[in-house]
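First the structure, in the form of structure tokens, and then the observations on it.
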């Protein structure tokens with residue numbers, strides 16, 4: 001009983017002692033502030049005792065303020081980090097939106113360019129009975145071999161008909177369905193099954209031949225079975241001749257094919273080949289025209 005009472009008395013004494021010390025520190029600090037203020041207002045140099053008290057008070061203040069400053073600094077760092085993260089996320093979102101908008105703009109510009117080219121080609125086909133179509137499928141695995149258009153037999157499309165795109169001849173209809181058709185491209189590495197009769201040079205002195213294939217290294221059509229041994233100047237125009245074939249296989253004359261860029265085996269007769277650069281881009285074809293025949297013709 002006495003030991004417990006003694007323990008309580010010691011605790012009370014220690015608490016009282018702490019309170020007294022704290023009170024003395026406060027009184028000393030207040031006194032130092034008052035004296036310093038008075039000396040400052042009187043322009044007097046503070047006494048050694050006052051300077052000592054001020055130094056002690058400043059030291060205590062630093063000790064007491066250190067934890068507060070520490071946590072304030074950490075809180076500010078976390079706040080700044082969160083702000084930086086939010087800003088980065090906002091910038092990423094803006095960048096994504098900007099990239100999407102730029103991609104859509106480029107896609108729209110490309111689509112408009114292709115449409116203008118298609119309209120320009122259509123203007124040159126006023127003498128022909130043609131069917132305009134959109135390319136609806138072109139498999140990457142057979143990109144240079146064929147494509148699918150959205151017009152078929154219901155629109156008068158038949159197998160063997162010449163197909164134009166990007167200002168020039170690009171192939172023939174190889175399969176005509178009810179509402180879509182397959183086009184065999186002249187750029188196919190397997191060659192042209194249904195060869196296209198062409199004419200090289202002017203109407204005054206024409207040369208005839210057959211478009212038989214495509215050379216991927218030259219990026220050009222191959223024309224052979226030529227009717228002359230004369231060499232051709234680069235840039236000589238090549239168009240369909242309209243000779244050969246019957247029914248839907250007959251190709252109307254005057255359809256633009258390309259221009260001569262070179263020859264192979266120029267002195268070898270029938271093995272001679274002329275390279276013809278296509279008029280338009282064969283890689284990006286979005287619109288196509290199926291040539292049914294000449295207006296007013298059979």
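Note that Cβ sites are derived from N, Cα and C of the backbone, with glycine treated the same way.
Database features, via TrEMBL:
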- 91-125: coiled coil (COILED)
- 135-292: domain 'Rod shape-determining protein MreC beta-barrel core' (DOMAIN)
Folded-back contacts onto the coiled coil (91-125), same chain, C-beta under 8 angstroms, at least six residues removed: 132, 164-167, 256, 280, 284, 286-287, 289, 291
Integer mean pLDDT for the coiled coil (91-125): 75
